[in-house]
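Novice: Heads up, here are the entries from TrEMBL:
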- B:24-467: domain 'Amidase' (DOMAIN)
- B:Lys79: active site, charge relay system (ACT_SITE)
- B:Ser154: active site, charge relay system (ACT_SITE)
- B:Ser178: active site, acyl-ester intermediate (ACT_SITE)
Amino acid sequence: MAFTEKDVDYIANLARLSLSPQETKQFTSQLDKILSYVHKLDELNTESVEPTAHILPVNNVFRADEPKTCPNAQYAVEQAPELINGLFSVPKVIE
Amino acid sequence: MTLYAKTAVELLAMMRRKEACAREIVESVFQRIEAINDKLNAFVALDKEGALKKADEVDRKRAAGEPLGELAGIPVGIKDNLCNHTHPTTCASNILQGYNAAFTGTAVRKLHKADAVIIGNLNMDEFAMGSSCETSFYGPCKNPWNLDYIPGGSSGGSASAVAADMAVMTLGSDTGGSIRQPASLCGVVGMKPTYGRVSRFGLVAFASSLDQIGPITKTVEDNALLLKVISGHDTHDSTSIDTPVPDYLSLLDKPLKGLKIGIPKEYFIDGMDAEVEQSVRAGIDTLKKLGAETVDISLPHTEYAVSTYYIIATAEASSNLARFDGVRYGNRTKNPSDLKELYYKSRSEGFGDEVKRRILLGTYVLSSGYYDAYYKKAQKVRTLIRQDFTKAFEKVDCIITPVSPTPAFKLGEKINDPLTMYLGDIFTISINLAGLPALSVPCGFSGNGLPIGMQIIGKTLDEERILQIGHVFEKNTLFHKEKPALG
């Protein structure tokens, strides 16, 4: 199944990227090539193979639920591109 | 030899003997940076004032007889994706211009604690996505051995700076070869530790199940020293391993007698560069003369590694990079009409082509209807790739391979052909998929004078053994002593 410009438009929207027509065209042909290549994995029968998410023999690593202060919170907020009264500012979201 | 050209082990001894002080060393390194960084574009941010202040603190402490850390007075550069509180951390991306780290990551905190002098941030492929250091927002970094060639990537700046004596040692990060490949192409020593050996807290995430911070240095000794400083368990990273850290440096001198080296046939293939094959085979012969034995092994799923990696790494990247929304960090588009436009435009203006390509690919393989066919399938093949190594390590102590199928290539040669660029990662990515440690050491030069590296892959948490092998190799060869003929 060929990978089309419609596919790129669809995933660009999911990924919150807006692409120029030229970018869409270029990414379509490049991703088509890459996806055709990775289909190599279909040669392998993996029906009875367990997936590996990461290599460590750990699952949930819990710590005690103790409140701690975050010493640099204000500095972290200040790194935002736009602030109003020390809070993140965004365009109006409700009419 | 000028101070900037020395190794950390040499400089520490000189400072102990009062033959040099930290300020002289730091000044010497900055002199070198000021003379040649414009040619190489390895550093993207410098902190001379902070570095000299730290050097003076080390000198004062030494004079007063106060205790000093293991890297006291040693100038260290960090990759631009490692957080150092109040300093820029931009991942060589437009989207993080103007952002200063809100905290210090664990590996960098350990450098501070060891009294290292942090001199600045090093160029890289944008968000560590690339194998040539050409996708950087700051423009490409160059290979000190020939300025027309790439230094490798993504930690190209970290390797280039060490090779050109602009930093005594540096930190890089390795998701699919990003420490080992540039180390190999620049003729220096690079280690990707076992996944979980070094905390990832404060490393801007690319592919969380593969990323690992590691040292790039002039010698294996320095590598052992720096690895010990940055390793260890960290409660801020749930994937960090709670196992004691050996004193790698003091354990280096172990003879090779009886060592079994696995030689995987899938890593010596038709079509690979003849000079690379020759140099790596000669390197293996050197180790044999020193008492090691070789065993022919097979890692049969090697040919599936590139496909597996580029599905898993991009899937994780698309998820990790969703946080860059133009609201909380760095760059925001000017005058967006609404919130939706703010997201779309900030991201589209902020990310470069390679990052967009990988976000798109990752989003696709995770999207509804394709998840099982791509992502889950790749996770299963990852299991098979891991099992290949588990089986091989029943018979051998280490595995030796080339790092990269070719020496450095020319700037611009592969940048418009992403798949060809990806295929060049064939010898390094399986190691990340299997979570193993691997060391790149210089083992030769091509006919046109470009460095070639040899990869020594170890068992899980067996950094100690691969450093020993690298050290013995280095003691019996001269490749690491060669320096590029820069002005």
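Yeah, the Cβs are placed from backbone N, Cα and C, and that goes for glycine too.
Owing to the predicted nature of the structure, the values given are computational and were not obtained by experimental measurement.
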Novice: Reported as an integer number of Å, what is the Cα distance between B:Ser154 (active site, charge relay system) and B:Lys79 (active site, charge relay system)?
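Specialist: Rounded to a whole number, the Cα-Cα distance is 10 Å.
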Novice: Roughly how many Å separate the Cα of the residue listed as 'active site, acyl-ester intermediate' from that of B:Lys79 (active site, charge relay system), to the nearest whole number?
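Specialist: The residue listed as 'active site, acyl-ester intermediate' and B:Lys79 (active site, charge relay system) have their Cα atoms 11 Å apart.
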Novice: Show which residues of the chain containing B:Lys79 (active site, charge relay system), separated from it by at least 6 in sequence, have their CB under 8 Å from its CB.
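Specialist: For B:Lys79 (active site, charge relay system), the qualifying residues are B:Asn121, B:Leu122, B:Met124, B:Ala128, B:Ser155, B:Gly157, B:Ser158, B:Thr170, B:Leu171, B:Gly172, B:Ser173.
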Novice: Once the chains shown are all counted, how many other Cβ atoms turn up within 10 Å of the Cβ of B:Ser154 (active site, charge relay system)?
Specialist: 35
